[in-house]
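Just below is one structure, and these are the notes that go with it.
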Amino acid sequence: MNTRRSFIKALTLSASLAAMGSVSTLAHAADTIKVGVLHSLSGTMAISETALKNVALMAIDEINAAGGVMGKQLEPVVVDPASNWPLFAEKARQLLSQDKVAVTFGCWTSVSRKSVNPVFKELNGLLFYPVQYEGEELEKNVFYTGAAPNQQAIPAVEYLMSKDGGEAKRFVLLGTDYVYPRTTNKILRAFLHSKGVKDEDIMEEYTPFGHSDYQTIIANIKKFAAAGKKTAVVSTINGDSNVPFYKELGNAGLKATDVPVVAFSVGEEELRGVDAKPLVGHLAAWNYFMSVKNPTNAAFIKKYQDWAKKNGVPNADTVVTNDPMEATYVGIYMWKQAVEQAKTTDVDAVIKALGGQTFKAPSGFTLTMDKTNHHLHKPVLIGEVRADGQFSTVWKTKEPIRAQPWSPYIAGNEGKQKL
Amino acid sequence: MSPSLHHLLRILWLTLCCAFGSAHAAPSAETLARLAADDSDTRIAAIAELGAEGSAQSVALLDALADEALALTGDGRLVILTDTGALDAASGSAIAPYPDDAEPLMVNNRVRNALQSAKAATNIRATDRATRLAAAQLLRDSAGEALMPILEPALDAEPDKEIRAILALAVARVNLASAEPAKRIRAAELLGDSSDASVKAMLAALLDKDGNGQFAEPDAEVRAAAKASILAIERRLAIADLASTAFTGLSLGSILLLAALGLAITYGVMGVINMAHGELLMVGAYATYVVQGLFRTHLPGYIDSYVLAAVPVAFLTAAAVGMLMERTVIRWLYGRPLETLLATWGLSLVLIQTARVIFGPQNVEVANPSWMSGGVSSFADIVLPWNRLVIIGFAIFVLLLVWLMMQKTRLGMFVRAVTQNRAMAGCVGVPTARIDTLAFGIGAGIAGLGGCALSQVANVGPAMGQGYIVDSFMVVVLGGVGQLAGAVTAAMGLGLMTKILEGWAGAVVAKILVLVFIIIFIQKRPQGLFALKGRFVED
């Protein structure tokens, strides 16, 4: 009975792996460390999250080829929560209690992270979350390798208000209707108030997940922008809604020189499905762009492209890298270093060892995991869309900056910066 | 207009004065060096100089910079990168060997703005009408006092009536700040012809009072003229607003109609509750994607016409899938709506998974052909996107097709006969089973056409149909089961209603309100807008 069940489990696991186009071999159960990969491979978020699954598998292959972690091979366990938030919690529970993974790399939307947080807390798991997010959270069991608001949203809006950014005076805060855009916009509104922008110069709009008809919203933005002050749009639209949004933006002739759109969840991967020519000049704020020039990045891109070709990723000849992929990659290596330092995969020991880890990231900076707040020190890059769907960096910080997960612009957050 | 642009245009004018009389053959090395500076202000000044100078080499430089083809080599030379090689930026002569270390100069929005203005200032003197029109439109929105020495002669020399009108508006915008009241009155009057909301904001600023109760505009006559002009602009904007809401509503309505027309036949006429209808849309959309792929690999020269080829393919593929569904599953369940519902829901899951297996779980990219990209600007700066215009036209075409088929063909007559009285139709020799299959196939094929249209505006993925199944049933039920006219009225009504509510309350609330409306409507009038006589009535 027992062997039959494990046989079925192995069968479904290998079937799911084969379906993902991965050839990661299943090593012998005893001398491997299991690593969970929890990303939506179907549904509205698949556009963004599939690439994170790929890069995680690539990093695992790479580590295995170099001898594994403490001499043990890593064994990826890939599950598909299908852009379904409650399913994230179920799959996380399955990874922790059934598969007994040592660490999980996963989630994109904040709502999915919020849905798995209690599970990781209850079962004392370890989650690496690779995407920029709204902050206002600090969990013992989670390491955040994406940007906190002060590492993305705030610098981006400061740039829009600067001379080179067009000295915007009016802002449209446009987002998908869930926790990340709502909270980010709450922080941004407070920040704009502190800069003397009045409520009548801020327009806030939300759309449901998967929304595909942006005609009205773009007409409203045009109307709002016609009031005589320079207007900019801050977009926190997530998932595949971005494709119809940018299509409509291009077709409606709203140019970046008139009304620039800065996006926090649109990178190279999301722009693959769009004709980028009408979008030239629109902006994105990240901590990494594929177009960054340095040897580490060149090697990273090459490795990923080769891996994609070898593993039959669809459209492998046009695969791109982006910020959350870099953050996933950095996260896996920092975990490896911490495990090797702690000489165990025990969650509490690894958490203790993670603080202060450094890694030379593809962004060209050496990133440090903060000793107290579970966030990376990251550089901020602001890029404009080029005709080929890549970004050219128009502004960046000189140094990586420390994350402030609790935004100082929200009252009551003082003194919360540590775990 | 932004202050930085004012600043730029002032520089442009100053350099224009300096450059006057001394025509440069090529841009100086010093200007070139500033073009590559780190600081945007320095670069913008250099761009303005080049624009004012207007020599062929300067224009080429500006174009190269705008295309991000102007590059700086490792040893600090500026070169223009072309498809075939590299040119020296100062002389325009080819250089060999190709500088491999050349890095394109970064262009941000501010520099891009300066480039556009510099280009427009040169282009306004072009011989080609379209170039001048584009330049005039740009200058209308960004003109400042500094540009008057270019604008006024251009206005005087302009032969074309449309461009003259645009330039007159540009001049009027500048003159609104003139020192002479007469000029200001004239300008305020003239600006009444504008249909730009930003002009309205400009005029309204004249009527503002400062802290001491003084008007920003001291002259009462100018204020009166401004007031009249504001009213005229407001009237025009109000009409434009209505027109644009009507267009967006019509566009959404046409998409709903295309999604629902197939269902209007399968559910409306045949009474099959087909939960897999959304997946038939998906089949049509994927058929379009496959045709696009075939054109890309085999007929790259004709890629722009792939959509035309995709239309029949989408119809036939979806019709084949539909007929297969009917033959294998649905025909055994006629008259048992609950079982049909369950069985077709199962079929929809099968189809979704099949698409996942064949095409992968991610969305696929279906690009608009170039003739469907962009838009046509019409009255008062409303841009009507081509893809939406084409889809409205396509919806009318499909509707006409369905109507002709149902009313004018023998098959349509049989379908109607079977719907109205199956037993009697069978008695007079109508092969009812075959008619059912064919009718279901046609309904499915029309869903495929809808999918082909949807692929041009929405995401194409395995689960895309799920998003339309509710909308489709909404349209058919609201319109009255079995009535094409009902489906049209319901689709357009829902489209307009959604868009009006969206403009007023936002997309999330609009969706809720529409659903609440439908629930109440169905309670009050379960037979829908248009009642029918047929199989359901007999039930």
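Note that Cβ sites are derived from N, Cα and C of the backbone, with glycine treated the same way.
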TODO: Kindly point out the range from B:222-244, B:337-359 that TrEMBL annotates with transmembrane segment.
DONE: B:337-359
Open item on the list: Using a cut-off of under 8 Å between C-beta atoms, tell me which stretch among B:252-273, B:280-299, B:305-325, B:337-359, B:386-406 contacts the transmembrane segment (B:473-497) the most.
Closed with: B:252-273
Open item on the list: At a C-beta cut-off of under 8 Å, are there same-chain residues at least 6 beyond the transmembrane segment (B:386-406) that contact it? List them, or none.
Closed with: 247, 250-251, 254-255, 257-258, 261, 264-265, 368, 371-376, 412, 415-416, 442, 446, 449-450, 453, 456-457, 484, 488
Task: Surrounding residues of the transmembrane segment (B:280-299) on its own chain - C-beta under 8 Å, 6+ positions past either end - done: 259, 262, 274, 305-307, 309-310, 313-315, 317-318, 321-322, 351-352, 355, 359, 364, 366-367, 444, 447-452, 454-455, 460, 462-465, 468
- [ ] Residue list, the transmembrane segment (B:305-325) vs rest of chain: Cβ under 8 Å, 6 or more residues beyond ends.
- [x] 262, 266, 276, 280-281, 283-285, 287-288, 290-292, 294-295, 344, 347, 351, 369, 372, 437-438, 440-449, 451-452, 456
- [ ] State the residues, same chain only, that lie 6 or more residues beyond the ends of the transmembrane segment (B:252-273) and have a CB under 8 A from a CB inside it; answer 'none' if no residue qualifies.
- [x] 280-281, 318, 322, 330, 334, 337, 340-341, 344, 391-392, 394-396, 398-399, 402, 415-416, 419, 436, 439-440, 442-450, 453-454, 457, 468, 471-473, 475-476, 479, 481-484, 487-488, 490-496, 498-499, 534-536
